[in-house]
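A quick write-up on the structure given underneath.
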Amino acid sequence: MAHRVTATDRGTTSFQLGVNKVSWLLIRFMLVMAPVVLFINGFTKGDWSEAFLFALSVAVGLTPEMLPMIVTSTLAKGAVFLSKKKVIVKRLDAIQNFGAMDVLCTDKTGTLTQDKIFLSQHVDIHGQTSHYVLMQAFLNSYYQTGLKNLLDVAVLDAVDPEIKTQKLRYKKLDEVPFDFDRRRMSVVVKTPQNKVRMITKGAVEEMLKVCRYVEIDGKVEALTVQKQTAIETLTQRYNQDGLRVVAVAYREFSIDQENFSVADESDLILIGYVAFLDPPKESATAAVKSLHAHGVTVKVLTGDNEFVTQKVCREIGIQCERILLGGILETLSDKQLKEAVEHYDIFAKLSPVHKERIVEQLKANGHVVGFLGDGINDAAAIRAADIGISVDTAVDIAKESADLILLEKSLIVLEKGVIEGRRTFANMLKYIKMTASSNFGNVFSVLVASAFIPFLPMLPIHLLIQNLLYDISQIAIPFDHVDEELIAQPQRWQPGEVGRFMIVFGPISSIFDILTFALMWFVFSANTPAQQTLFQSGWFVVGLLTQTLIVHMIRTAKVPFFQSRAATPLLVMTAIIMCIGIFLPMGSLASYLKLEALPLSYFFYLPFILIAYMCLTQWVKTMYIRRYGWQ
């Protein structure tokens, strides 16, 4: 378990896997198309040196060089947003995983329930209030040197000063620490009567396995089947009332014994129970409801028994008709568990290894899994999840394993995090869709022009400047609005969808590029090497403007500008880059950039080309959505 929690390699998360696949899709496209451009230009023009430079410029233009910046800036913006909601983001890519998450596994105690547990009852085996039982439970909690959990804290807080002073009459001799297999812990003390007593407390079911006797009204009697049945009935009634029950027992040893072990936890005398109230957080019901509304399934993974878990789950709105217990889970193979995790939403009496296995099998089924926990027993599962979430009151190892830490008790921030994660992903995807479709269209246009035009349709410097201006226009994407429909359900990387989008939308720009070629060739007579600068300037302007406008067409499934308008920063950047593109051939830098002023009549045709381009793109988008949907 220690190795699982402290291992430096957490494996590949959903976000990393998606980015890698999309990046390699774009890079492979560049590696294939750049040589094609080189050979077509080399064979048709005969100048291999010029063809090489042009192909190199095309390769640079096809490279998604802005992807790291767009990804980092959108994630950073999300981190800033969450920090204002009192959430510490330890790993930036966790923000996108938050949005992609479709299953949230959560511990119960301290996460769905309050981080303050109250001691409700301290009773003997018949259910009568017993200060003797409370005293023994207090000694056990006080003298244990391991990490005190919320139950121990509740016991220590509940006793009155008179009982606390009694500890001075006892001397600690040894202890047997808690572990998640035994689910109990023991301390050994010397009593005021100079006796050596082991005091043990733990889960009722596990304690009954090591108890042989019961103490009733100061008399020790054998633990018969009838008595055990009565004990189980009583504790189950407490559980159904929502109380967590811990059994308390003892055993006395020879004064000469000095060392104690797990083997000594046998033949114990059961004296009673301490019962704890662990109420749900006020925000838990609303948080679970909002997560369900946003397409996130909530699964409860707890070490508590099924009765207490059912009580809490009913109160916060989680279906609890079917529960898978740790004992049954232990017998399942990975294949069987892989199927079982899809049919159960509540898992009780789990060990840390069980929780980790459930998370791993959910991931193997293709889910993006989050885990919310605060205890030592949650650390391995937190680390195994795509996104590990903890709270500020958690133990250090849980917070160390987590990607996000909630600083406030309210769980409503989970909904805010999911929405921000989806907004972040949607904005990253806008850039990728634009880059893929624009690049495909540009290369297709270059291949057509190279095959039929006796000079380069655009110089390498034009491609580089166009690419630079286009990239600058996309800087504002992280600040763009996102349609509510894209936030409603989990979103994740789909490289196949990006490839299909590129093939469908890329050729649209090529249609208008070829139309521009015809316009420059036939209308403005830019059809000789002497007129190539005019031809190149005309395509430079159309190419830059259509590339810049495409963001507004594909950023939404709706009609752009009317049903869904981009954020102001993106609108401003679009306007600035379009103005630069139009006036650059007319400015003082034109001669250095080998551009020239376009005839005034060119600008009569330009609006018609751009409007027709946007209308055709919108029509294709509508047909595309009907068949494939929209991401």
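The first residue you see is number 1, and the count goes up from there.
Glycine is treated like the rest: Cβ placed from N, Cα and C.
The annotation transmembrane segment is assigned in TrEMBL to 22-40, 52-71, 443-465, 501-524, 536-554, 566-590, 602-620. The domain 'Cation-transporting P-type ATPase C-terminal' feature in TrEMBL is assigned to 455-622.
A contact between the transmembrane segment (501-524) and the transmembrane segment (602-620) is present, since 3 or more of their C-beta pairs, 6 or more residues apart, lie under 8 Å.
Among the recorded stretches 52-71, 443-465, 536-554, 602-620, the one sharing the largest number of Cβ pairs closer than 8 Å with the transmembrane segment (22-40) is 52-71. Counting only same-chain residues 6+ beyond the ends of the transmembrane segment (52-71), those with a CB under 8 A from a CB of the stretch are 19, 23, 26-27, 29-30, 33-35, 37-38, 41-42, 427-428, 431-432, 435, 439, 442-443, 446, 456, 459-461, 463-464, 466-467, 471, 474-475, 477-478.
Within its own chain, the transmembrane segment (566-590) has Cβ neighbours under 8 Å at 465, 469-470, 472-477, 479-481, 537, 540-541, 544-545, 548-549, 551-552, 555, 560, 596-598, 603, counting only residues six or more beyond its boundaries.
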